[in-house]
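Presented below is the structure to which this report refers.
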Amino acid sequence: MIDINQLPTIDQLPSIETRFRAFAGPGAGKTTWLIKHVKNVLKDSKKLGVTRRIACITYTNIAAEQLLSRMDCDKSQIEVCTIHSFLYNNVIKPFAHLIKTDDDGDDLFNVAEMQGHEEHIPHADRIRRWLSTIEQRSGKRQNYYGYLNGRDSKANLVKYLGGLDYKFDNEGNIVLYSKKHVNVAVPSSNRELWIYKKKYWSDGVMHHEDVLYFANYIIRKSPRVLDFIRNRFPYIFIDEFQDTTVLQTSIVRKIADGDMTIGIIGDLAQSIYKFAGAVRTDFENLQLIGMGSYKLEQNFRSSQSIIDYLNTLRIDIQQRGYEDTPAGNPITLLVGSHSQSYRWVLDNISPDAIALAPEHRDVESIRTAVAVEGEHQVKKMFAEDSNSKRARYIHLLLTGYRWLERKNNKQAVKVVSQQLKALNPNASKFAIQKASIWILEELKKEASKRLTVHDFYLLINDHLEKKFQFKSHARFAAGGAQTFYRGCSVDEMLPFVKVDTQSDEKIRTIHSAKGTEFNHVLVCMQSSGDIERYILDAKAKLEAPSDEGRVYYVGFSRAKANLIIGVPELKDKLISALYKQGINVVRLQN
Ligand SMILES: Nc1ncnc2c1ncn2[C@@H]1O[C@H](COP(=O)(O)OP(=O)(O)OP(=O)(O)O)[C@@H](O)[C@H]1O
């Protein structure tokens, strides 16, 4: 294990050309530092130009979006993206001709129909065609159709196929496997799984996981592609490298085996994507020529008491605060149901507190139990308005504005334009865009936000009709819908309009909160056993192959001012050990 404490700090990085690998704990300013470094490269590098840019890569769309919105500089020479979109745009699209056929000259991918990459959702018709092909090729009746008849077996098959991914076998060949375990036998030999994939490829459908496969395929077939990438991106920086997968690491190694500057940054204790194929040890073990290892040792996010608590959980790094770090409140452990705990936190700590839980089912149960009146504004709108197309239209116009608030203007205009286009299919693209921008500008005004949704809707309809001769949805007749829209202002509705259900929710999974921070956080743990394993014995569990301990650690480390932990039951004998770790126990009354 790397002793991060012993590494030089990243401020000692000799130059912008230095290859680096940076380790840091939560809230250490990894993303902030990366942005600063990119700005330095932009300022000082002589290697950049119109076609020579800096790539800033991360692993999830949410993380890329956050990175982009935090990059407060000229972005014309920077490409901020996920690893998938980087490889798709810079390897697969320009070299698609190399995947038309395989090494034997047989059809591999229908490039003419290729349209980006998508989530792998197994498709009933393709599964049927696949089962039929493998049955024909085996030459005997296998009754594979049985899978599609039984509800259970079909669900298992869909789950298994949806979890397909690639890995290297012992001989270094790429093989297909499923990340999802199912309890029934399904066709799972590699020969059968490749046939399944080809059902999609022959239609030009590329799944996210295929992007890595084909990028690797293209690079193997024509290694000169690597020079093209290095030439186009003399600097490649990768955030959250602890979430890298074997195929990703293999491609990164190949790109870095030439003249370019690479920098990777991450936190081993925040590796929580094993289920998606992440191999955290790749970050620890990756050695590239000329690459130095550095650390960021501070925690700029949390109060001193939270930093002290986080330090009790890991051995590879001890974080320190900075001169203005507030002392903060002790960590509180609430014993009671998750919803009871969350209510307690809302009442006693802050109504803005966030609840984080490891599992979706916990998130759902807390949401149901603590749902407050206002949170139903959008649901209420759909319930009250019998014209569901109109309700959807209003909702999406407001969604467009929420994108604008997040500085994603492109998405904002897209969402609103789609609505106007659906009602006015013959309108020109220019008119649709102009009208969309007008609506968004209108929503920016404080005066518009104070209007009731009813009046705002009429204002927009009048303008679209007069100025653009656009059609709108029906006006309101007297009744429940009109009463609802008249009783609710745009301002009151907006907070409940989510642009993506994950990052806007106050009750969320820990995975969806990765990379974010909040003032007051309740982390819901499952049992007294979890407290023993992941708090009292955390040092061992943070290094364990399974992600559970690290998932809780990511949850704890999102808190800035107050960290509260909730658990349904707690053995009395644990109280004094918890106290030594800086945690006060409070038992809630039923
Ligand atoms: N040098 C700094 N001085 C003061 N505040 C900083 C500094 N660097 C980062 N911060 C603040 O600390 C917080 C955490 O920063 P950032 O999100 O960059 O950390 P991170 O290491 O990427 O976090 P994590 O991995 O836990 O998601 C942010 O609020 C950021 O504004």
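The backbone N, Cα and C atoms fix where each Cβ goes, and this holds for glycine too.
Per TrEMBL, domain 'UvrD-like helicase ATP-binding' is recorded for 3-303.
Feature annotation from TrEMBL assigns ATP binding site to ALA24, GLY25, PRO26, GLY27, ALA28, GLY29, LYS30, THR31. DSSP assigns PRO26 (ATP binding site) to coil in the three-state reduction, placing it in neither a helix nor a strand. Around PRO26 (ATP binding site), a 10 Å sphere centred on its CB holds 24 further CB atoms from the protein chains shown.
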Self-check item: Among GLY25, GLY29, which are binding-site residues, the residue with the most C-beta atoms within 10 angstroms of its C-beta
Solution: GLY25
Quiz item: Given the ATP site residues ALA24, GLY25, PRO26, GLY27, ALA28, GLY29, LYS30, THR31, which other residues of that chain have a Cβ within 8 Å of the mean position of their Cβ atoms, reported in sequence order?
Solution: THR32, ASP267, LEU296, ASN299, PHE300, ARG301
Quiz item: Considering only the binding-site residues GLY25, PRO26, ALA28, GLY29, THR31, which possess a Cβ situated under 6 angstroms from at least one atom of ligand 1?
Solution: PRO26, ALA28, GLY29, THR31
Self-check item: Mean per-residue pLDDT computed across the domain 'UvrD-like helicase ATP-binding' (3-303)
Solution: 90
Quiz item: Long-range same-chain neighbours of GLY27 (ATP binding site), Cβ under 8 Å, sequence gap at least 6?
Solution: ASN299, PHE300, ARG301, SER302, GLN319, GLU517, SER557
